[in-house]
Structures are given as structure tokens and as C-alpha cells.
Amino acid sequence: MEDDKASLIEEENDNKQSCIMLINKQLKLTKLWQDEALNLLNSVVKDLNLLVEDDAIVALLKLCEWRRAVKQGFQVYSYICDSKKIKSFDVRLGNALLSMFVRLGKLNDAWYVFGRMEERDLFSWNVLIGGYAKAGFFDEALILYHKMLWAGVRPDEYTFPCVLRTCGGMQDLARGREVHVHVIRYGFESNIDVINALITMYVKCGEIVSARLVFDRMSQRDRISWNAMISGCVENGECYEGLRLFLMMREVGVIPDLMTMTCVVSGCDGVDDGRLGREVHGYVITSGLSVEVAVCNSLIQMYIGTGNWVEAERIFANMPCKDVVTWTSMISGYESNGFPDKAIESFKVMESEGIVPDEITIASAISACASLSLLDMGMKLHDLAVRTGYISYIIVSNTLIDMYSKCKCIDTALEVFHQIKDKNIISWTSIISGLRQNNRSFEALFFFRQMKLSLNPNSVTLISALSACGRIGALMCGKEIHAYALRTMLPFDGYVPNSILDMYVRCGRMELAWNQFNGWGKDIAAWNIMLTGFADRKLGVLAVEFFHKMLASNVNPDEITFIALLCACSRTGMVAEGLEYFDSMETKYYVSQNLKHYACIVDLLGRAGDLEDAYAFIQNIPLEPDPAIWGALLNACRIHQNAKLGELAAKKIFEVDEHSIGYYVLLCNLYAGCDKWNELARVRKTMKERGLIVDPGCSWIEVKGKVHAFLSDDESHPEIKEVHAVLKSFYERMEAAGIDKAETLSENASKAEVFCGHSERLAIGFGLINSAPGTPIWVTKNLYMCKSCHNIVKFISKVVRREICVRDTEHFHHFRNGVCSCSDEDYKETLYISHTSYALVLPKLAVNNNLFAQIDGYKPVRKRPLNKKELTRKEDVVTVYDNALTVHEPKLKVAVTAYVEKHEFCFDAVLDEHVTNDEVYRISWYS
């Protein structure tokens, strides 16, 4: 019996040894036999119930680590935990498990094993520190390093490179310097691998000077040392220094490799030297590295950066193998250099060749779609980003916000924005800018305030927010942003000063704009903004004077300058002056004429009533007229009620552009002014069939630093009942005064006013309730102001004795004592008066015996020749300034004294009839 038992035990041991020997043997064979080794382990455990020695287990763990076999690795780990029933691991087995779990990316399991180890050697610490550092857990890696030091374990040449790379990844210079001290303390300052890691750490932290000191003190340098220093210089913008190091490297006999040449080519891109880049390209060819994909990618980026598209496309076409970086370089290059159509085409070819895009590729393609307004393609890329998981990359989400905003799908952009978990400054700036572009400036300012709770805006954010303030007349909010820019020193940054200037101009505060203009360096954009402000207020004479002052300041005009100047001449009726400036653009100022300038001339002639001349001018334009040119003629036909020519202009517009709603509105207003209601109904039907919807009338008013918005027929405002009560009282007073009762949209509104919305009435009523008597009221409106609203506001300004300013899509209307600064030009009134309430006015003129006298008994002189439209009128055209008055007489002299007494104006003096025009034009600018 005992012999049989002993025989069985001996047989079992033999089987055990045989299985273990077989496992060890198969571990050394091919991949197929290694699979058999893992299967045999299962058989040993399950069927024979035998214990496997540690040598075999360690070999199996190394096998799983080498093959990245996660499932099999956990099988071995389960066997260790179940069969051996151990509560701790010895150093050898623990290190094998640590190494496997770190390689498989299972850091939680690695940490668990690390905690269960009886003892830990230097290898244990190095493996776990390296695992955390490679996975991006830099803080945890450094904590482990310091724990290792506290445990009395001395770091070696493998520890320091890992820890230094961690400091570089965190860009934590202070900790990096601390580790540098440890390197010296433990005697590794001459170890080339450690010193190379030290150089890399410094350049990653942007400390190029310290990196160069370490490099210069090296007793010996290998290729990695040179590469680290060269790449560090290039990455930190010291491209010339990087190129000099490359020449030094060649002089000492170190042969450049792939990494070296990639950095050198990038350095040539950084210095923007095409000739040097071609020389480096030649060296790449002679060194045999021109077939390397990484080098070709760098060459493509270099040639794109220097604008040599021919060479970039040649390299791209000749590459035998292209990776995703290659395609991304071309796509992003096309997109950022103004070739979005080629970017989209390249993306489609890349997809057809089976190359999977990365997040940069998708973001570049989406940006190209935004430039081309390709909504369908952009939505497909959005779906691709969701499927591939790249939607989680913030660069992709930010470009999607921009794309949807530019494609007029702002609600979808908002959805993408709200799905971003960690929004950065670009995310907020993109949505603020998108809301502003889609005429939702009120919401843009709300998001701006929300952003400031967690992030500090940059200059681009401030520009977008200031633009939103200007759009809705939010002066106090704009002043707050101006103050913030002053506190953070951002008013000096880029376009911020001009954005502040533009905000004040759009809000109608020309005195503040003038202070801003004089307070900062004046570039051409600042002069253009001021010129545009004068044009919007029909201050043509001031615009002309300002233009000549710009020339005297040695500032050369550009295309935008002449657009503003021609608009000022057009809106002031200065036809001769406008034509003279247009003719002298190329010959005198060397500025090329474009379609926008031609449109200004059509507007100039059309507003003056010279419709036939305007039409003849269009026919003689050397370029193909665009919708804007025909739109200027259509608007002139609306003003002068020429339906036949207006229909021709509309036909030309709709042949090219069927979706711009503004032209339909102009045509409807033309038909309404000509009492052609059937034609108006036909246009409205066409608009409905094409899905064109006019934006609802919306007006904004800022009261006590808070902006209030009023929509047409919107009863949601908490004080809407009080506002209606105030307006009703004015309607009753108008009726009692014998003035035609004003109509509202709810009360048989005139067909001519269907596009107005009358929202400015609500805003003005709210302003009257919530502001002190005598306080000026400033309202901004998104649509054109109709005749009915215009008459009502004139009446209100006279009754309440307040200044009221309404800025619609075309004009600044300044109402005072029942008179509007627009001269009632588009409202067919009898008296044409233009006066301003700005600080930019004619100064008091000293009384001179030859030039001035008391107002009684003197006749005014003409300030400018009258245009054709004015000549056809019998009324006197009067321009009123603070303390100055000019009458543009048609044929008869007028009694200035009677006029002044009737309108309750008071002047110190007026010009007499001996004054020349040059003396009248002379303006004294206040400081």
C-alpha cells in the first residue's frame, strides 16, 4: 500500500516537472508555441491541479508583457493569487508583475502589486515612476520619486531621465532645478544620458539659457545631446541659434540623423528664409534622408510657411508613402493660406486612400468648411468626429462652433459649446463672436459676463465683446470692457484700441471716440473708423476735413478710407466732391478701385436723384457688377420712387443672389412707396416660398448700466404695460394736436411699414419711465425706421424736451425739439434740417467786422452747391450746429431772423455773404 502511494506521488512529481519543463521550453520558441505555453498553463492549473514554479511564472509574465497580452496576463495573475494564496509578493515576482501591468497600462493593478510587495528595490520604484510619467500622471510620478528618496533608495541613471522628463512634461522649472541638484548630489553630472535628459527638461520649460549652460559644460556629447539642444532652440523660437548649432555639430564630425534634419528644416521654416530652406533641402537629398516621411513632412511645412506652394506640392506628390501628418500638413496649409477649396479636396482624397484623420486634420477641414460656408460637409465632419471620439478634443469642438456660427446655425453652435466639459478661452471667444455675427449681441454680452467668472478674457475676446456692445449701443458695458482693458494693459494689444474706438463711434459718443483717437497711436484703421463715423452721421464736410488732416499727418489712405469718404459725400449730397475723389484714387493716391467703390458712386449719384447717370455708370464699369452695386441703385430707386428702374436692378440682383433678404425688403419698400401693393404681395409670396424670413424688429436701450431688449409684439418685458400706457398717452396727444394718429402693427399698420416692427417705440417708452427728466435717450434698432415711428419720435422729443437718438440700419437719427438730424430725407418731409448733438461741432466764431456781424439784417451764404434733388424742392435746406447755422438757399433769400425766432434757436453770430467756402470749411478741432 505504501509502495503504491509513493509510486503515485513520484508519478505526480514527474508529471509536474514534465509540464513545467514543457512550459519553459515552449516559452523560448515561436509565437505559436508561446500560445501553447499559455494554454498548457491552464491545463496544469485546471486538470492536473499542479503548482507552477516562480521561474515559469516570471517567464509567462514577461511573455505577456512582450506580447501586450492583457487577457492572458490577467489569467497568470489570477493563477498567482488563487493557487499560491499569498498575501504579499517577493521582489522578483512583484517586479515582474509591476513591469507587466505598467507595460499594459494597468496602473491601478500595478499600484496594488506595489503595495503588496514585501520589499522593493530600485527597479520597483523606477518601473512605477516611469509608468505614471508615461501615462501623464506627472504629479504622482514626482510624489513617488520623493517617497523613494525618503525610503533611502538611491536613484540611478535610469531614475533621473524619467523624473526629468516628468518635470519637462509639467513645465515645472522649480522642480526641475531641484532634481538638477539631486543629479549633482548623487554624482551623475557626468553621465551623458542624465545630462541629455537635463537639457531636454530645461528646453521644455523654456529655459534655453540654462540648457545651453549645461550643454556647454558637457565633457562629451553624443548625437542625442546635439539633437536635444537644436530641437530646444527651434521649439523656443531661437531658430538662428539652432541652425548655428547644426553647423557646429557638422564641424565636430557628428553625423546628423532623422531627428536632426527634421529640427533643422523646422528651423528654416521659423526664420522664413526660402533660400536657406532650399540649401538644407539639398543637404537632405545628399544625406539620403529625403525618403523619410518625417523629413518630407517637415519640408512640406517649411515650403508652405515660406509660400513656395509649387515645391511643397511637388514633394507631396513624389512621396511614395504618406502618413496622416503629411495629409494634415497639406490640408492645414491650404486652409490657413486662403485655399479652403483645396483643403476640402485634399481631405476627400485622403479619405479615399484609407488614411484615418486625426483631430488636427478634422479641425482643419472644419475650418475650411467654415470659410466656404459648406454646412453639409461640416455636418459630415461633425458626425465623423463623434464616431471617432475626436469630438472630445477641444480644438475640434472650437472649430465646430466657428463653422456653425459662420453657416448661420448658431443654435447648433450653442449645443456644441454646452457639450464641452472644460471650456478654454478659445471656446468662449468663438461662441461670443458667433453670437455677434448672427445678430445676437445681447446674448454675446451675457456669455462674456459668464466667461469672466472663470477665465480672464484675452484681446480677441475683448474685440468680440466690444463689437457686440457697438451693435446694440451698450455704452456702459463697453466702458466696463475699456476699463478692464486698461487694468490688464490690453488696450495696447493689437486691434483692441481700434475696437474701443469703433465701439464709441457705433454708440454715437463721438466725444469719447475723439478722446480715444487722440490718446493712442493713430494707424490707418483708426482714421477709417472716424471717417466711417462721420459718414454715418451725414457729416460730409467734417469727413472731408478729416481726410485732409489724415493726409497732412502722412497717413496714406487705403481702399477702406475711400469707401468711408465716398459714403460721407453720398449721404451729404456732395456729388462733385465724391466724383473728384473717386477719379483721383488711382492717379493721385495710388489706390485701386474695386466693386465697393463703384457701389459708392452709384449710391452717390442715386441719392442725388441722378438715377439715369447712375445706371449709365453701372453699364460702363470695367468689372462685372455685383449685387451690392445693383442694390445701391435699387435703394436710390426706392428713395426717388422709380419703380421701372428699380425692378431692373432687382432683376439683376436676383439673377445672382436669391437669398439675401435685404434686397427683397428694399424692393417691397419701393413698391410700397409707389403704391404698387399687388407687386409687393407678389414679392412677399416669393420670400415665403424661398423660406426667407425677415428678422423681427428688435430695439435695445441701456438704462442704469443694464441693456434691455424689446421685440416687436413681445409682451414679456415686466414693464410692458407701463410702456404701452406711456405710448398711448402720446398717441392721444398727437390726435388732440391734429396730427394723424400713429398706427401700430396691431391696428391696421400701413403696408409700407410691415418691415419696421415699431420696436423703437417700446424702447423709448421704457427709457422715459426709467430715466431722469432731461436725460438723453439712446436706442439701437436692427431694422429700418419707418415714417410713422419717425414722426412719433419727433413729436415725443418736442413734448418731453429730451434728446432722443435712434440708430437704425442706415442712419443715426438725433431728435431734438421735434427735429431730426436726418433731415427727414427718406420720409418726404418739407423742411430739411441737419444738426448734431455731438461734441464735434463748429466752435463759436469770433465776431469780425469783415466776416461776422449780429444776426439781424444779415443774409447767410451757401455752404456748398445744391444737388439736383435739393434744387427741385422749394424749401430752404438748413444746417444747424451748436452756435452756428448755414442755409443752403435754392433760389430765394430767406429771412434768417424769422427762421431762428420761429424755432427758438439762439446764435452768437452767423457768416455774412462775403465769406468764402474755404473759410466756411475750416474746422477748429477741440483737443
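Even glycines carry a Cβ here, placed using N, Cα and C.
The feature domain 'DYW' is assigned by TrEMBL to 747-824. Here TrEMBL flags 121-155, 222-256, 323-357, 523-557, 558-592 as repeat 'PPR'.
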Inset, instruction - Would you mind listing the long-range same-chain contacts of the repeat 'PPR' (222-256), meaning Cβ under 8 Å and 6+ residues beyond its ends? - result: 192, 195-196, 199-200, 202-204, 206, 208, 211-212, 215, 263-264, 266-268, 270-271, 276, 287
Inset, instruction - Note the mean pLDDT of the repeat 'PPR' (323-357), expressed as a whole number. - result: 92
Inset, instruction - May I ask for the residues of the chain that lie six or more residues beyond the repeat 'PPR' (558-592) and have a Cβ under 8 Å from a Cβ within it? - result: 524-525, 527-528, 531-532, 534-536, 538-541, 543-544, 547, 550, 600-601, 603-605, 607-608, 610, 864-867, 869-870
Legend entry - Helix-strand-coil residue split for the repeat 'PPR' (222-256), DSSP-based: 26 helix, 0 strand, 9 coil
